[in-house]
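Enquirer: Once you've had a glance at the structure underneath, I'll fire off some questions.
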Amino acid sequence: MQEFYARVWNTKEMNLLKSLAAVSSMTMFSRVLGFARDAIVARIFGAGMATDAFFVAFKLPNLLRRIFAEGAFSQAFVPILAEYKSKQGEEATRIFVAYVSGLLTLALAVVTVAGMLAAPWVIMVTAPGFADTADKFALTTQLLRITFPYILLISLASLVGAILNTWNRFSIPAFAPTFLNISMIGFALFAAPYFNPPVLALAWAVTVGGVLQLVYQLPYLKKIGMLVLPRINFRDTGAMRVVKQMGPAILGVSVSQISLIINTIFASFLASGSVSWMYYADRLMEFPSGVLGVALGTILLPSLSKSFASGNHDEYCRLMDWGLRLCFLLALPSAVALGILAKPLTVSLFQYGKFTAFDAAMTQRALIAYSVGLIGLIVVKVLAPGFYSRQDIKTPVKIAIVTLIMTQLMNLAFIGPLKHAGLSLSIGLAACLNASLLYWQLRKQNIFTPQPGWMWFLMRLIISVLVMAAVLFGVLHIMPEWSQGSMLWRLLRLMAVVIAGIAAYFAALAVLGFKVKEFVRRTA
């Protein structure tokens with residue numbers, strides 16, 4: 001085992017674990033700040049016509065951001081950028097970046113202007129019920145026109161971030177999303193009284209947040225010599241390759257968003273509160289899946305792309321294997337702990353005021369169901385870049401479509417007996433299916449060969465997770481009822497339980513001969 005990891009780190013690659021820690025910590029900070037933002041917005045604006053209008057107005061730019069900026073573009077752009085960096089030289093890479101940024105700016109400027117002009121019709125499609133209330137409809141239209149430029153700004157910020165990631169500057173793009181939260185918190189606390197109606201402050205905060213995310217990264221882009229003026233050339237082969245890859249990439253990312261929308265439609269037919277219970281459970285799920293899964297995918301895509309571009313298949317396999325082992329090392333205990341601690345988590349974080357014990361219990365059910373698929377959600381973030389880095393987007397797209405169909409079949413099977421928890425379970429099981437099919441294709445196409453030692457590695461993990469689970473159940477047994485005490489007291493108790501579980505897990509690993517330094521070996 002030690003020889004294997006020595007080979008991994010005796011390369012010219014940077015210490016990926018250090019990069020993972022940096023990206024994960026930045027993502028964690030952004031998620032925590034996001035929770036604070038939600039709490040502040042809820043406290044200042046409450047829940048009513050104005051906030052309904054804002055969330056609808058923000059939903060479309062946010063959806064397009066998820067589809068375009070954070071998923072499809074990176075999948076299409078990063079592997080080709082890595083190829084240019086590896087084979088074409090700095091000047092050719094600068095020209096390539098200029099042409100891609102020019103086409104991106106042109107396309108998104110058209111989309112932004114069209115969206116602002118067509119705002120009333122967009123609202124008619126996305127929130128037809130608002131048309132019955134003239135004031136609400138007018139406010140939503142106004143808010144949408146203010147927030148729509150965010151699509152252009154965040155997409156350009158994502159372009160800059162993708163370039164920085166390819167140059168191994170991972171922490172800078174990872175920190176950028178915090179500026180949106182900071183902007184919204186600042187505008188909500190200090191600027192809202194100066195707007196009429198006050199909710200307009202939130203819309204402007206979104207656009208300002210987009211500007212900050214872009215501007216923050218530009219000095220770092222200049223440092224690596226890639227700050228260029230956008231240029232338009234419809235005949236450049238490199239830029240056109242990115243455009244051609246964008247089609248299937250957008251389809252692939254859209255499939256997951258479509259699945260979430262369909263699940264919301266299913267939930268809307270269930271008891272009142274079902275959508276909210278799933279939302280809060282999903283927010284808890286996003287911590288491990290976002291912090292670990294997104295961070296791993298972020299650092300692996302450019303690293304794998306470089307290995308593929310240089311023709312180093314052995315290094316490519318070692319990187320994939322390293323990512324998968326780290327995935328299982330952290331995701332397996334996270335999934336088990338999330339299921340065991342579902343009640344303490346939901347009660348400690350949410351059961352206050354109008355959020356009743358019944359609401360917490362229903363959220364708990366959804367969270368347990370989600371936890372079944374946590375490892376699948378995270379493993380997909382490691383396996384999918386294995387295809388994207390080879391400029392093969394079609395295979396993951398085909399698998400995503402199969403997964404979407406299976407998700408809906410499972411929804412129909414589970415929604416009757418399990419209600420909203422059945423919908424959560426469908427998402428979790430579908431993620432595991434997605435991961436399994438991706439792995440099968442990687443092996444079938446002889447893209448990835450696992451390194452030796454997996455059986456003993458998994459045995460140690462399973463034994464350690466069982467020890468952790470026993471400790472968690474033991475500590476929970478002696479804890480008083482979680483609904484007792486203030487929020488601070490509940491969170492302190494929850495923290496103590498989590499620390500006990502973490503200590504038990506890594507202590508068991510140490511007894512079984514596992515050494516964390518196997519993952520952190522560096523070049524000299």
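In case you wondered, yes, glycine gets a Cβ from its N, Cα and C as well.
According to Swiss-Prot, the protein carries these features:
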TRANSMEM  44-64  transmembrane segment
TRANSMEM  103-123  transmembrane segment
TRANSMEM  146-166  transmembrane segment
TRANSMEM  172-192  transmembrane segment
TRANSMEM  195-215  transmembrane segment
TRANSMEM  250-270  transmembrane segment
TRANSMEM  284-304  transmembrane segment
TRANSMEM  322-342  transmembrane segment
TRANSMEM  367-387  transmembrane segment
TRANSMEM  396-416  transmembrane segment
TRANSMEM  420-440  transmembrane segment
TRANSMEM  494-514  transmembrane segment
Enquirer: Below 8 Å between Cβ atoms, which of the listed ranges 44-64, 250-270, 420-440, 494-514 makes the most pairs with the transmembrane segment (172-192)?
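Expert: Between the stretches 44-64, 250-270, 420-440, 494-514, 44-64 has the largest tally.
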Enquirer: May I ask which of the stretches 250-270, 284-304, 396-416 has the most CB pairs under 8 A with the transmembrane segment (322-342)?
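Expert: The stretch with the most close Cβ contacts to the transmembrane segment (322-342) is 284-304.
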Enquirer: Go through the chain and flag residues at least 6 beyond the ends of the transmembrane segment (195-215) whose CB is under 8 A from any CB in it; none is fine as an answer.
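Expert: Residues 41, 44-45, 50-51, 53-54, 57-58, 61, 139, 142-143, 146-147, 149-150, 152-154, 156-157, 160, 176-177, 179-184, 186-188.
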Enquirer: Same-chain Cβ contacts of the transmembrane segment (284-304) under 8 Å, 6 or more residues past its ends?
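Expert: That would be 13, 16, 19-20, 23-24, 27-28, 31, 74-75, 78-79, 82, 165-166, 168, 170, 173-174, 316, 319-320, 323, 326-327, 330-331, 334-335, 338, 345-346, 349, 367, 370-371, 374, 377-378, 380-382, 384-386, 388-389.
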Enquirer: With the transmembrane segment (367-387) as the reference, find which of 44-64, 250-270, 396-416, 420-440, 494-514 contributes the most Cβ pairs under 8 Å.
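Expert: Counting Cβ pairs under 8 Å, the winner is 420-440.
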Enquirer: Other than its close neighbours in sequence, what residues sit by the transmembrane segment (146-166), given a CB gap under 8 Å and a spacing of at least six beyond its ends?
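Expert: Contacts with the transmembrane segment (146-166): 57-58, 60-61, 64-65, 68-70, 73-74, 77-78, 81-82, 85, 97, 100-101, 104-105, 108-109, 111-112, 115-116, 119, 172-173, 176, 200, 203-204, 206-207, 209-211, 213-214, 217-218, 220-221, 224, 226, 298-299, 301-302, 305-306.
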Enquirer: What parts of the chain pack near the transmembrane segment (250-270), using Cβ distances under 8 Å and only residues at least 6 beyond its ends?
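Expert: Beyond its ends, the transmembrane segment (250-270) has Cβ neighbours at 63, 66-68, 71-72, 75, 278, 393, 396-397, 400-401, 403-404, 407-408, 411, 415, 419-420, 423, 426-427, 430.
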